[in-house]
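So the structure is just underneath, and the comments pick up after that.
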Amino acid sequence: MGHFTEEDKATITSLWGKVNVEDAGGETLGRLLVVYPWTQRFFDSFGNLSSASAIMGNPKVKAHGKKVLTSLGDAIKHLDDLKGTFAQLSELHCDKLHVDPENFKLLGNVLVTVLAIHFGKEFTPEVQASWQKMVTGVASALSSRYH
């Protein structure tokens, strides 16, 4: 799953403290649905997903994006036990929702893109490396039920 150094943890935690979970969550999930349209099939109940502007303005997309990033915030508090932290969510997404685990990787990559947009020069290659390690670890933890 990857080992987080103290520097990784400090880097991730420091940036996370500046993230607007509602804005970044909505943008991250919205971008996932626009860039990878096949992921929309898991969100049939969200109403109008017919265009990029409809998706980005959809209140259900924003609300679920916030929920996703809120759970990521919990993970940041437990970087040494991502698998345990996400055990229930992994079970839900695997057994009940049947989400393709590849989508977790895509979402993590979209989040890294959103953070880069929001934080600009502050999102250095070192910061990106720590965050990429984290989203990869989270994707792996969420996929653990599938193995």
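Placement of Cβ uses the backbone N, Cα and C atoms for every residue, glycine included.
As recorded in Swiss-Prot:
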- H64, H93: heme b binding site (BINDING)
- 3-147: domain 'Globin' (DOMAIN)
- G2: N-acetylglycine (MOD_RES)
- T13: phosphothreonine (MOD_RES)
- S45: phosphoserine (MOD_RES)
- S51: phosphoserine (MOD_RES)
- S53: phosphoserine (MOD_RES)
- K60: N6-acetyllysine (MOD_RES)
- K83: N6-acetyllysine (MOD_RES)
- C94: S-nitrosocysteine (MOD_RES)
- S140: phosphoserine (MOD_RES)
- S143: phosphoserine (MOD_RES)
- S144: phosphoserine (MOD_RES)
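Under DSSP, residues within the domain 'Globin' (3-147) fall into helix, strand and coil as 119 helix, 0 strand, 26 coil.
Neighbour counts of Cβ atoms within 10 Å were taken for the modified residues T13, S45, S140, S143; the minimum is at S45. For the pair S53 (phosphoserine) and K60 (N6-acetyllysine), the C-alpha distance works out to 14 angstrom. The subset of modified residues (S45, S51, S143) lying with their Cα within 10 Å of the Cα of K60 (N6-acetyllysine) consists of S45, given in sequence order.
Looking only at Cα atoms, the residue listed as 'phosphothreonine' sits nearest to S140 among the recorded positions S45, H64, S140, S143. H64 (heme b binding site) and S143 (phosphoserine) have their C-alpha atoms 19 Å apart, to the nearest angstrom. When other Cβ atoms within 10 Å of the Cβ of K60 (N6-acetyllysine) are tallied across all protein chains shown, the result is 15.
Residue with the densest Cβ environment among the recorded positions S51, S53, H64: H64, by other Cβ atoms within 10 Å.
If you take the Cα of S51 (phosphoserine) and the Cα of S143 (phosphoserine), they are about 29 angstrom apart, rounded to a whole number.
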